[in-house]
Amino acid sequence: MEPNRAFHEAPLPLFAPAPGSAGDEAPLAGAASVACGTRPPSYIADHRARLRERFMQGGAAAMPDYELLELVLFRAIPRQDVKPLARRLLDRFGDFNRVLSAPPARLAEVSGLGPAVLQELKIVEAAAQRLARSRVMHRPVLTSWDALLDYCHTAMAHGEIEQFRVLYLDRKNVLIADEEQARGTVDHVPVYPREIMRRALELSASALILVHNHPSGDPTPSQADIGMTNRIVAAAEVMGIAVHDHLIIGRSRELSFRSEGLL
């Protein structure tokens, strides 16, 4: 196989195939070749067993990003050395979180990454977001504020384009809906106050929390951010709806408009 030619894996079944079964993928660039329908070499099997044991004993905290990424890749590539692909992904995107949150089109540019790997990465990303979201949905936000911030960071901190979310709350400040309002470019996202108010009325929401990310990693608000927030607040006041906060999610921290005196 040509060194830079990406292979495409066969779809992965729910349960890993038994040793010696069919369904192995074509060799990865830079990976050891294993004949289809054969057991992986002992050094690959031993390495995988050691990593799995370390994970079960010490958890993810005991593992660097490249080893945690290898564990994810094992399911999609059951009979080949996945270390080269894990290294290429981290070299391209920087860390484990940014690999998971990278757009599918950019992931597909990485040599050796086909549909099965892409699917596995996106399943892990979706699972992480679903877990974080479950800790805040249908709960009072004021008593689960840290969990809310964790969810916002999980869902938005590593995105490469701006996205704008609206969290809709009922009269008891219970989170009743979390909806993405818009996606934009690397430094701009279009937001329409009228659409936010229309949706708030449909949900019988009494309050809102606005959330958007800054792909640059710096959560400092721009004048456009401040102006947009003021327009939403003005529209909400007319409808008798409170805007509790506007959070800007950066790479490693967030900024609260209310805490900064901007709201």
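Backbone N, Cα and C atoms are what each Cβ position is placed from, and that goes for glycine too.
So that you can see what the record holds, here are the features copied from Swiss-Prot:
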type    : residues               : note
BINDING : HIS212, HIS214, ASP225 : Zn(2+) binding site
DOMAIN  : 141-263                : domain 'MPN'
MOTIF   : 212-225                : motif 'JAMM motif'
Next on the checklist: Can you give me the residues near the recorded Zn(2+) site, meaning same chain, not HIS212, HIS214, ASP225 themselves, Cβ no more than 8 Å from the center of the site's Cβ atoms?
Outcome noted: GLU162, PHE164, VAL189, ASN213, PRO219, PRO221, SER222, ILE248, ILE249
Checklist entry - What counts of helix, strand and coil residues does DSSP assign across the domain 'MPN' (141-263)? => result 42 helix, 35 strand, 46 coil
Checklist entry - What number of additional C-beta atoms lies within 10 angstroms of the C-beta atom of ASP225 (Zn(2+) binding site)? => result 21
